[in-house]
């Protein structure tokens, strides 16, 4: 099949999108928040405007659409934390930022972090000691102090407790309760006083509960009818603080009601196709809109805080907790410090919560080579990368991406168990099943915990789907190029092709003959291989190119060019045609784009109305290349006057100077009035030096300088002469006035 010349540039570049499509899979998997995902798809949509982009988009969906891979927190997060949380002059802008930075460093276990302890303690002490500090100021000061451990004296602690209790009694909004109660919880943990409690904990609990809604969301105040999941997270964290500050056991009916509200809230959770779960809010009047990351983070903090202080368990399916973990891990590495803190802090809450601790299955590499006999390696860790409890990983299925056929593994290798390497903490499948050949697949894994008690603590999900990319060297065999007689179909010339080598062939043919090229492609498993591209290109010596798609039937690839039917397409251009063959696929480790030779074509003369060859495209970058050298011939100089005449004219120009000197002598120049004092004498000397410099400048103008250079220097000298001349003339005038007055 021939391809129009306007598309051949796109088709030759199809190999490139196929080789980089995995990059888009990784980019799509790592960047999952709303803004990043929209950016990725807008980039892909621009690719789809061309034929090559459309096919790359198709392959992207084919390979990435079936499953997504989540990775626990890694060293890339630790490096990003040090870049995002950088103090200015030894401190952060606020105590809130200080706490977020220190909390992030603590969770990630970063040892070589910026030392801000001294400045943080100073700021904390000032904030806690000020009577004008709001509950919010006290809250973040105590938050930061929970990490830096600065000493708070007993008198200051008592004052803080009194102020926060007063704030609780006067609170009228959810945020008022949140900051004041949160501050009491923090000061209780940081002081030796044991009497930090709420006298009417149930009354405060009911006051906060009044902001709840029937769908599990909460309002910020009674005057604001809008509700949000972000506010629900704040409310849950606040109520958890009330329970911990209660002097006696809370009414269990209140706890049960709140657990039901949590279940209702999770009924409204949203879901991605890969199982990631998140909360999102509409714009709430009077408050800044919170995105999915901050909203989900608020809910996770509130949920885990409430579960930590209440007896019994919160009735939530483990898959929902696992879905929240996938959401935070699927974001990758946020570029904003606030988002980064929300991600890390939320994962730390999930790492040690009392509901369910999620376990994440990940692969060090999702690309396996049959040629190198790569082993399939699987890791199972917590969200922060800690070791998992004893467990077994089983391969329960493998599906070709984009196929709805039965599993390629389950029927023959059902429930394959991966071998655990205790030294590296990796589960290994040393050899892939024989049914797995080159291509893109979705592997299905199952995690089985060894101890039944761990099933109550950890959640693994039913099955985990992971995209796997299997590559290999493709055998290229029985490659031939043949010139056939057009009438009889007999072989005129036949030559073998070594597509793995560098040999080239030389052929000749006329318009009554045909050209046939054939070869076979076989996978490492011995199966027929069909690449995404198999293209043949003929380039005339005039740079006009023609591209043809090589068809296949099973293992055999073959293309037959009938030159008689192609004379118009070739514009009746006889001469040499270079032959190139392109065979490529993303899973083919030895994709090729190779010149296999040339053919001398003898085509008939074009008829009168034959189509003309199209003009060749001009390289747009050629305008920036070197231009042709311009050779300029100057006209012959005018004839100069005799040397004697020039010297005579020079003498005439010097005569005025001689006349000036004679005139000065005739006037009787003397130095009697030259100043005797040091400062006036200095200015007098500078004035005369300046005049001499001007005269010297005139000489240089005559000998060397041009007009612009002379005027520029004369401007500087003129300013200098005005300044020193004014000083010396002022001195002389003053001296003359004294003489006259005397």
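The first residue you see is number 1, and the count goes up from there.
The backbone N, Cα and C atoms fix where each Cβ goes, and this holds for glycine too.
Residues or ranges marked as transmembrane segment by TrEMBL: 6-25 (among others).
Annotated transmembrane segment per TrEMBL: 51-70 (among others), in sequence order.
Residues or ranges marked as domain 'Ribophorin II second' in TrEMBL: 359-470.
In terms of DSSP secondary structure, the domain 'Ribophorin II third' (477-601) contains 4 helix, 76 strand, 45 coil. For 477-601, the entry in TrEMBL reads domain 'Ribophorin II third'.
In the predicted structure, the domain 'Ribophorin II C-terminal' (634-734) carries a mean pLDDT of 86. The annotation domain 'Ribophorin II C-terminal' is assigned in TrEMBL to 634-734.
Residues of the same chain that lie 6 or more positions beyond the ends of the transmembrane segment (645-669) place no CB under 8 Å from a CB of it. Annotation comment: TrEMBL describes 645-669 (among others) as transmembrane segment.
Per TrEMBL, transmembrane segment is recorded for 681-701 (among others).
Per TrEMBL, the feature transmembrane segment maps to 713-734 (among others).
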Grab the same-chain neighbours of the transmembrane segment (681-701) for me: Cβ-Cβ under 8 Å, and only residues 6 or more beyond its ends, written as numbers and ranges.
674-675, 707, 710, 713-714, 717, 720-721, 724-725, 727-728, 731
Per DSSP, what is the residue tally for the domain 'Ribophorin II C-terminal' (634-734) in helix, strand and coil?
79 helix, 0 strand, 22 coil
Which numbers of helix, strand and coil residues does DSSP report for the domain 'Ribophorin II second' (359-470)?
5 helix, 54 strand, 53 coil
Folded-back contacts onto the transmembrane segment (713-734), same chain, C-beta under 8 angstroms, at least six residues removed:
673, 675, 680, 683-684, 686-687, 690-691, 693-694, 697, 705
